[in-house]
Amino acid sequence: MPFSNSHNTQKLRFPAEDEFPDLSSHNNHMAKVLTPELYAELRAKCTPSGFTLDDAIQTGVDNPGHPYIMTVGAVAGDEESYDVFKDLFDPIIEERHGGYQPSDEHKTDLNPDNLQGGDDLDPNYVLSSRVRTGRSIRGFCLPPHCSRGERRAIEKLAVEALSSLDGDLSGRYYALKSMTEAEQQQLIDDHFLFDKPVSPLLLASGMARDWPDARGIWHNDNKTFLVWINEEDHLRVISMQKGGNMKEVFTRFCTGLTQIETLFKSKNYEFMWNPHLGYILTCPSNLGTGLRAGVHIKLPHLGKHEKFSEVLKRLRLQKRGTGGVDTAAVGGVFDVSNADRLGFSEVELVQMVVDGVKLLIEMEQRLEQGQAIDDLMPAQK
């Protein structure tokens, strides 16, 4: 299991060029940004908790690229990482988030009343709807760098806060280490639980250390509101249900998330946030809202159409396979979600998904009738 070696201070005895990683066959955002000069400039720096440049880039060094998506190739180990290593992270953020500038300010809107429509996506096409985000608790290191004690303290805090939720959000916590293999696998197969730590991002960044210690899932009684604890982020908050009522899913998401934040504040803890980057998370790809609003949608005709990728790009949407990022579409079912995280509010992102999915369904219906879709091609959003 590869883990970063950056705590070896002996490396500073070697010149920077001798320690610079071989990125010659790499295709990720980190590799595009990191030059020998930048490495030399940043390699001796560390955050107050001891996180170094080599810690940040190890996952991108060990994983040159991905056949389907452009990976980031770097992670943060604490809130200060984005500041101490801003010369690495700022260009990555600009490239990953559509030209987002170091002077830009992020906006947050968690008022579901501002969402137009979204309660009537056709269930003949939309099989399920889901909204997720991540949150990090200020004062703790992030998962690539946190200690066992920190991780256990985060778990304890989260479980105490979540146990105060009531009504439709009332539920219970299931620690990973007290589950049987069969129970774990069932929750994974049902798309409720995060996968076992086989992802290169988790392994190479050090996020899988001590697995499954202090990891688990909290969910309400009908499994429509879930919180993952200590996977890639301190908290992953998920609202999901069958069918196409994205409005209901988003309303539950906003209500639950706001209540969780209030409960943490009552214990004198707050979430990592700043006006420029919004909510701070482990992977730079999730900064800002951290929000992914997605549907599992049946598009057997449009999914094979030569313009499908172009349509999604213009709608600022992205597609994944039925089982997630590394998988194929089974039976013409795609996971379609917003492509952006930073620079747009939560409501704006969910609105893009709602409006875009309606158009995708209209296109699919045209193709079912053997008709052309050229006149439905959207302008670039």
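FYI, residue positions are counted from 1 along the chain as it appears here.
Backbone N, Cα and C define each Cβ position, glycine as well.
Positions annotated as creatine binding site by Swiss-Prot: Val72, Glu232, Ser285. Around the Cβ of Glu232 (creatine binding site), 23 further Cβ atoms fall within 10 Å across all displayed protein chains.
According to Swiss-Prot, the compositional bias 'Basic and acidic residues' annotation covers 96-110. Listed as Cβ neighbours of the compositional bias 'Basic and acidic residues' (96-110) (distance under 8 Å, sequence separation of 6 or more from its ends, same chain) are residues 29, 70, 72, 86, 90, 254, 257-258, 275-278, 284-285, 287-289, 340-348.
For the domain 'Phosphagen kinase C-terminal' (125-367), the model's pLDDT averages out at 93. Taken from Swiss-Prot, the feature domain 'Phosphagen kinase C-terminal' covers 125-367, and the record attributes it to sequence analysis.
Here Swiss-Prot flags Ser4 (among others) as phosphoserine.
Classification of Thr35 (phosphothreonine) by DSSP places it in coil, neither helical nor stranded. Neighbours of Thr35 (phosphothreonine), defined as other CB atoms within 10 A of its CB across all chains, total 11. Sequence annotations record features per position, and here Swiss-Prot assigns phosphothreonine to Thr35 (among others).
A coil conformation is recorded for Ser199 (phosphoserine) in the three-state DSSP classification, outside any helix or strand. According to Swiss-Prot, the feature phosphoserine maps to Ser199 (among others).
The 3'-nitrotyrosine annotation in Swiss-Prot covers Tyr269. The DSSP secondary structure for Tyr269 (3'-nitrotyrosine) is coil.
Cβ neighbour count for Ser309 (phosphoserine) (all protein chains, 10 Å cutoff from its Cβ): 11. Positions annotated as phosphoserine by Swiss-Prot, on the basis of similarity to another entry: Ser309 (among others).
According to Swiss-Prot, the phosphothreonine annotation covers Thr322 (among others), on the basis of a large-scale study or a structure entry.
The region 'Disordered' annotation in Swiss-Prot covers 96-123.
Under the heading region 'Internal MTS-like signal', Swiss-Prot lists 130-138. Tertiary proximity for the region 'Internal MTS-like signal' (130-138) is limited to same-chain residues at least six positions away from its ends with a CB under 8 Å from its CB atoms, namely 79, 154, 157, 232-240, 246, 249-250, 253, 257, 260-261, 264, 269-272, 279-282, 286, 289-295, 346, 350.
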Among Val72, Glu232, Ser285, these being the binding-site residues, pick the one whose CA is nearest to that of Tyr269 (3'-nitrotyrosine).
Glu232
By DSSP, what is the split of the region 'Internal MTS-like signal' (130-138) into helix, strand and coil residues?
0 helix, 7 strand, 2 coil
State the three-class DSSP label for Val72 (creatine binding site), counting H, G and I as helix, E and B as strand, and everything else as coil.
coil
Reduced to three states, what secondary structure does DSSP give Glu232 (creatine binding site)?
coil
